[in-house]
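Per TrEMBL, the features are:
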type	residues	note
DOMAIN	10-151	domain 'Nucleoside diphosphate kinase-like'
BINDING	Lys18, Phe67, Arg95, Thr101, Arg115, Asn125	ATP binding site
ACT_SITE	His128	active site, pros-phosphohistidine intermediate
Amino acid sequence: MSSFFPPKSLELTMALIKPHAAKVPPIVQQIKNEILNNKFFIIRYSRRLLSLEDAQAMYKEHEGKPFYDRLVNLMTSGPTETFILARENGIKRWREMMGPTRTFDAMFHAPFSFRSLYGMSNTKNATHGSDSPESAKRETTIIFPEFSYDEWYEDDEIFYRNGYAKFDEDEFIHEKEMEDFPVN
């Protein structure tokens with residue numbers, strides 16, 4: 001019966017492992033394992049040091065708030081693990097995996113979330129994730145300026161949605177597999 005209903009489209013989200021967590025290899029590996037276990041496609045991945053300008057642009061909505069400078073300083077203090085992820089309801093699922101923003105809340109309400117397990121404070125809460133499709137589009141263009149959000153949906157999403165993707169373990173990325181894709 002499910003063959004009569006096409007799969008829903010995939011949703012892109014920006015995901016980051018913040019510097020204090022990214023410097024601990026077992027934490028990075030556990031989060032990567034959970035990304036795969038939760039059936040995300042890894043569209044882009046890199047380990048990079050964010051520039052001051054990129055960190056300020058990422059968190060522009062928080063400019064003027066008491067924690068803004070602390071957050072920007074954290075995000076430029078060391079390398080981050082950065083991902084563009086895709087799956088059905090990707091933003092919601094990644095945010096569930098992260099848990100509540102406040103580490104203390106995460107400990108009580110989502111004890112197995114990344115922020116509960118690896119967060120140290122409300123700023124050093126281990127991970128970042130887009131909160132809406134608009135944020136995902138804005139954030140992906142900041143962190144991966146060569147990536148075209150709209151082109152991915154236009155040209156590539158159908159391959160991933162229909163399972164025509166292979167995982168490159170060495171690069172930790174999924175690539176579309178065009179070889180067996182049916183052409184109309």
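Cβ atoms are placed via backbone N, Cα and C, with glycine included.
Positions of TrEMBL features highlighted on the structure.
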| residue | record | contacts (Cβ under 8 Å, 6+ apart) |
| --- | --- | --- |
| Lys18 | ATP binding site | Leu74, Met75, Thr80, Lys124, Asn125, Ala126, Thr127, His128 |
| Phe67 | ATP binding site | Asn122, Thr123 |
| Arg95 | ATP binding site | Gly129, Asp131 |
| Thr101 | ATP binding site | Arg115, Asn122, Asn125 |
Secondary structure of His128 (active site, pros-phosphohistidine intermediate) (DSSP, helix/strand/coil): strand
Fewest other Cβ within 10 angstroms of its own Cβ, chosen from the recorded positions Arg115, His128: His128
